[in-house]
């Protein structure tokens, strides 16, 4: 499904694009597998460190837990049953905050030194993060692993930038859908793998390693580390550089665009309307992920609290969501986005679906069947919103150039593509940073039902706003055959 639309290359330009898309997709899939292994393990990882560090007043875990308990007591909430929810939300928020900080810098560096170079450097950071997780016998080391991972994770951002480098306005949503499909497949396989590897303890399998600072969750960490090593080697061997592709002899299919006066267009020019459009899309990105990622983060805690799901059951739920999301990406977004359905409408549909899913949890009966129905709605959201918003963000400025009679504007926007997408992704990561902590607090203080009802209402309002404030966009226009290969 992921590569069904990638046609057999007919010329050097098409061959380069084909190789880039395939390499980016496969590497990102491996990356998401490694990233998602930890997702269903959070509640029990925290329970593990409660046993290990909970009684040590000097430990980081004890200090953070004390802050959590004082906050809970200040609100007049008794009992410690939900402490783990807010604790987990804080960890999720920390990782995304670090991405919020680093994304613009990663984007700017990739514009200067190349996508491939910066991606390979970020992979070294990812490997170090996983290595620290393997040896995280203490909670402090585990947190350090998340800090390193948050600051250096650049695969998703660079994948989006590289796909944008080699695609046109008309083919961008189809290309970026590969990112969504990689996410979906990764979420399908990664969490079950994480749950599976928790049944193997390195201490039991290799008693001679007992002197190392490993723990009962080092097995899934080791597997994630191996995946990162495989991904890094594959990228080093197979990934071409895409920066300046469209302005290179291989990538150009028409003379460089010029202004109406005939003067060359500055590659670094950024029309005022481009900034405004990016600000609008970034704001929507932030608001959506603030609500959606926050409520999504509480889902594993909801299943743990309401249904007492095991590792395997958590993995099956997330796996089903991944399968459905991949089907949406491959069967709907890649086939219909931009060509038949404007990206704006797909964004609105996805946000409305999320509202429906949260409403099922908030107002529906407390059965596993209702939970899976809600998961289906959320899977549709995962397969549509971020991909379509990213396609819109990667193309801002293109419409302004076309209105000015400049032509397609492919070369003009290429020089700052990484920076633009870095700023856009940074806004989303800020939403992911604040969302989990606020959602977990609402889940904790208000209760699961009220929190999910509030999230459903907020997302429905946002869906309406998207329709009202985001331009619908022009219909697909004919392009010369040479560009169709992109």
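Quick reminder: no glycine exception, Cβ is built from N, Cα and C everywhere.
Listed in TrEMBL for this protein:
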- 20-474: domain 'Major facilitator superfamily (MFS) profile' (DOMAIN)
- 21-42: transmembrane segment (TRANSMEM)
- 84-106: transmembrane segment (TRANSMEM)
- 118-136: transmembrane segment (TRANSMEM)
- 175-197: transmembrane segment (TRANSMEM)
- 217-239: transmembrane segment (TRANSMEM)
- 249-271: region 'Disordered' (REGION)
- 275-295: transmembrane segment (TRANSMEM)
- 315-334: transmembrane segment (TRANSMEM)
- 346-364: transmembrane segment (TRANSMEM)
- 370-393: transmembrane segment (TRANSMEM)
- 452-470: transmembrane segment (TRANSMEM)
Annotated stretches the transmembrane segment (175-197) and the transmembrane segment (452-470) touching (3 or more Cβ pairs under 8 Å): no
Which of 21-42, 275-295, 370-393 has the most Cβ pairs closer than 8 Å to the transmembrane segment (452-470)? 275-295
Taking 21-42, 84-106, 217-239, 346-364, 370-393 as candidates, which has the most Cβ pairs under 8 Å with the transmembrane segment (315-334)? 370-393
The transmembrane segment (118-136) versus listed stretches 21-42, 84-106, 217-239, 346-364: most Cβ pairs under 8 Å: 217-239
Confidence summary for the domain 'Major facilitator superfamily (MFS) profile' (20-474), mean pLDDT rounded: 82
